[in-house]
Amino acid sequence: VGNLLFLAVVSHFGARLHRPRLIGMGCFLMAIGSALTGLPHFFMRHLVSHLLQSYCVKDTGSSMWIYVFLGNALRGIGETPVTPLGISYIDDFAKAENSAFYIACLQTIMLLGPMFGFLLGSMCAKLYVDIGFVSVDSVTITPQDARWVGAWWLGFFVSSAILVLAGVPFWFLPRSLPIQGEEWNENFNVDQGNKEQSVLPNTHSVKLANISKGFLPSLKRLLCTPAYFLLLCGIVLKFNSFIGLLTFKAKYMEQQFGQSASRTNFLIGVLILPVVAVGIFLGGLLMKRYKLSVVAGAQLSFITSLTAFLLLLFHFSTKCDNVPVAGLTVSYNGTPEISHDEHSLMSQCNQDCACSTSEWDPVCSDSGITYVSPCLAGCTSSTGQGKNMVFHNCSCVSSPSPVEGSRSVFLGQCPRGPGCTRSFTSYMAVSVLSSFINSLGTTPGYMITIRCIKPELKSLALGIQTLVMRTLGGIPAPVYFGALIDSTCLKWGVKGCGHRGACRMYDSNMYRCVCLLVITHYSLQQTASKQNETELQSPEMCHPD
């Protein structure tokens, strides 16, 4: 939201101001926003100890969302000038045949940030949220547990420090550069700097007034370019599937294949993002090496999009069956059945135990069946402490052998079988390959935007593209993806006062079908849109005026 409020204005006005310094200011704003986002952890620590002393406190601590909201808003505002002003700055002073290669290099380097972020997130997810304040030995759950909360706040402070350092060099870049190929004048920077100091202070307000008058006509010219408008439609479709996939990919890997949050973040950062970076770089290199035209670039983008879509269909066959959980995915006698009714958690073997069906404290038996809690497993005694606790004499546990069976369970969900591991390996292989092929068309897509509009509209075009992309793709996609995923939940957690908490258990088959059907739908529409783009890439369609 913070990004959208300023994107069009910054893209239009920023193109006529000092672009590197605007980017430097954005870095400092993002640093402040990142630090604000991580602050609630330290305030909530005092709150938790207070809440433990009372039975039910409804609204205490609800104001903590304000810090996260403001932090994200500032990060969004600070990010605004980076892409539209950065790419237009490079394209303005580079040779036309080198521009695609430089932009590909920039986008490749930009992926180092998410790559580092996922690796940092993986490390933080392994650490318990209150690391340094509580004894690790006293924590009875593991990172694989649905209730585990990692040190989410740590990465925000690391990012804040890095953003401060990253913003400093931009303040020392000149407002303009000599166009590549022209002879460098060593007095260029001095002359340019003097010109800025002497001219801008006197005419600044006049320039801004003139720029303001030209905003709406420029916007009209932009949206009346058929190729650009169709490109916007395609980007909206692509971004809907991309944001839905990016937002929930780690969660999909956790729920579908039983991976921990730490491992999923690590694999995304080590396997998927590097091949995307290589694909973007090679896409730019292809355009530079073979001097591809706008039409050829559109055709390359269509081919890569179609191939990635076909590979996506293989995900429907890479699956893991539901984890056997008594009362949810299997009956207490082991018969497979899906149930959304909490009354199914009760059985004759635990009806005298006065168990709560709202608890989620899973235990695993030797038979491979998970029980929602030791009480619902009918256990009457326990030995050991912490993660090593074992519950005995569990009346609901089917003993594999009357002689050897102990009817005991241990903490945590039962692990998935070896077949699931093979499916996960296949899933990652297809994901890596499709990500690489799809990324080959990224740079040609950018070049279509830049080459099909007037040079003076470049920054505005990239800004409007990002604005539309995030408004119609970035905002609604996580909402409806999340709602569809919630519809597949089998077991909800319960907060204090009986409010619904996070989902503890999903129907894996429904989860997979819902996610992949939505992503496939948008990917197919986006591929069709790219085919239409290749038919509109003519000079009169790119520059109708």
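Cβ atoms here come from the backbone N, Cα and C positions, even for glycine.
The domain 'Major facilitator superfamily (MFS) profile' annotation in TrEMBL covers 1-528.
Among the features that TrEMBL reports, domain 'Kazal-like' is placed at 343-398. Counting residues per DSSP class in helix, strand and coil order gives 6 helix, 11 strand, 39 coil for the domain 'Kazal-like' (343-398).
The transmembrane segment feature in TrEMBL is assigned to 22-44 (among others).
If you look up TrEMBL, you'll see 64-89 (among others) marked as transmembrane segment.
Annotation source TrEMBL lists transmembrane segment at 101-129 (among others).
Away from its own ends, the transmembrane segment (149-173) comes close to residues 20-21, 23-28, 30-32, 34-35, 37-38, 40-42, 71, 78, 117, 120-121, 124-129, 131, 143, 261-262 of its chain (Cβ-Cβ under 8 Å, at least six residues beyond either end). Residues or ranges marked as transmembrane segment by TrEMBL: 149-173 (among others).
TrEMBL lists 227-246 (among others) with the feature transmembrane segment.
The transmembrane segment annotation in TrEMBL covers 266-287 (among others). Proximity of distant same-chain residues to the transmembrane segment (266-287), defined by a Cβ-Cβ separation under 8 Å and at least 6 residues beyond the stretch ends, is recorded for 100-105, 107-108, 111-112, 114-119, 121-122, 249-250, 253, 259, 297, 300, 304, 428, 431-432, 435-444, 447.
If you look up TrEMBL, you'll see 294-316 (among others) marked as transmembrane segment.
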Which residues, given as numbers and ranges, are at least 6 beyond the ends of the transmembrane segment (64-89) yet have a Cβ under 8 Å from it?
1-7, 10-11, 14-15, 19-20, 22-23, 25-40, 43-44, 47, 103, 106, 156, 163, 446, 450, 458-460, 462-463, 466
I'm checking region-level scores; what's the whole-number mean pLDDT for the domain 'Kazal-like' (343-398)?
87
